[in-house]
């Protein structure tokens, strides 16, 4: 008999039911559980798959460049970035009638097109690309790179090129290479691109391969660098009336510290950005030479960790045993990497709008909204993944003997205190925030809005003031002309920064009031509750009072049979599953807040947010309902407009979201009966009964149905909000 899918599991491939297919798909990437898997092969498979991942990323970005070059309007957009709408790609749809063709023909195109809300036009323009030829060249280069990575992935699975286990376990070498090579040298290379290509282009000087070696990025060349007079590179920066892309008002400085924004593009000064990347490069290249490898000099991470013992002895053995625990657990490493990446992704969301790096992106409101929302959702999924792999570490990789009385063991010993504190914080935040909102709702309903409880966020306003925001009247640090911080930065970056932070047309340190205070605490409630769920799941993953032997059951189990009927819903997987709902819920509040605050800022009616955000009906009526009107009118009996695709996506998103509940609020027996009825009918229907299946159809397991339900809930939720966000923003601002 031919071996059936899945080839990696003898047991599953012999399963006579459809469970074989579902469980095969579910465990395809759980390499550890595959037949004949050794630790070395596990590392090699994961290593090779990284090349595949990189190939896919480069293929995707190559496709972005190619389609814009082929079907976009990059050159026309570059002539007038504020008024031409950037085209992502053409739409070919045989269903389009004449009204649809007309509605979607925009941005100077000859047929229906999609508008780009990703910010790639602004990015490419800022880094010095100007023509379609530039885009094609970039696409071709990335395509070649993609092929190269596929070959490298294949190569590293060949016997002669497979790295051994000791190579993967060599943490110091990997850290040195990643710090110096990945971060350091690539930052240096990027500085080089900015200085040699992007900055000259922003000043109207076209540098390409033909004149790269002859065009001086700075009039004095390398002279100041070699003679140690580095400050020369900061002199004569672009003036405040510089027209981006032209020599009008341009300077010659290449590494500056001006602070604030370029007045015309509303983005950070390109010369400040180059300086930043150079500094990062220097720091990381040095950092990548700190760890001990073949030469017997430098730090040993293991020695550093072993030395980290808290003084006084009351806090246990600190970091003893951590090196081997982390170095031998891929789940621990992945958990750490995902936690760091999740935080960074959320920081990217926060910084992309408040300190825009790309020319003219701040005036493209829909793109700003889309990028913020996109990065916050990505951050949410990455963070839940971090907690999931942390829990898997405790179940599969944690060794109590190796970690006696160190920080990990003490976390587990203190789990009651940790979980109960998180629970208390969530309850406190939830009841108080909801109490304030509901009180304010009732006061408005009774016609006495002056009786609302409105709390000024004085601490947050004070923090904004320390950074130089003068509005609140706090005389402190950067908002006080007498402070040493103020005088120290006066000749450098401070004037530009103060100008930016006190300018009401950008998003830097937005003015905050009672509505912000409330929604801030609502978000804090969401964050603490979301955190408490997977933290409890991970800390209880090895065992709890209710189920001391839980780790024997693995990461995901539905229940432990009728004998212990109270053991349903307590696997670490269930904690992950529940936390994703709360994560989506929290990010919903975050993005609602960001979007509404910005819509009123961009429309010049901030009073609407200030007055309506202090009670729930304000959010429902003046944000959600008011802004979904264009969406619901995407098409109606009188025809359609260019928002109709978002209207359809809005409806479709709701449908997918609702289907999620079909899997979430429904039990296995019902499905098993239904499937058997359908199979019976199928086998007795002429023509249909010519198609038979080898596997006996069985319903999804409880855990699988939850996964399918969760996937539909998440996808539907995101589709619905994406359509709302893009339609409501682009409908207002074009």
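Backbone N, Cα and C define each Cβ position, glycine as well.
The stretch that Swiss-Prot tags with transmembrane segment, taken from the ranges 100-124, 175-199, 200-224, is 175-199. Range with Swiss-Prot annotation transmembrane segment, chosen from 620-642, 643-665, is 643-665.
Residue ranges 479-497, 498-516, 517-535 are listed, and Swiss-Prot annotates 517-535 among them as transmembrane segment. Looking only at the binding-site residues 670, 671, the densest Cβ neighbourhood within 10 Å occurs at 671. Packing around residue 559 ([4Fe-4S] cluster binding site) is summarised by its Cβ count: 15 other Cβ atoms lie within 10 angstroms of its Cβ, all protein chains included. Between the CA atoms of residue 671 (phylloquinone binding site) and residue 662 (chlorophyll a B3 binding site) there is a gap of 11 Å. Where the transmembrane segment (369-395) meets the stretches 175-199, 273-291, 417-439, 517-535, 575-596, the count of C-beta pairs under 8 angstroms peaks at 575-596. Long-range C-beta contacts of residue 654 (chlorophyll a B1 binding site), restricted to its own chain and to partners at least six residues apart, with a cutoff below 8 Å, comprise 716, 720. In this structure, the C-alpha atom of residue 559 ([4Fe-4S] cluster binding site) lies 21 angstrom from that of residue 662 (chlorophyll a B3 binding site). Annotation note: residue 568 ([4Fe-4S] cluster binding site) sits in a coil segment as assigned by DSSP.
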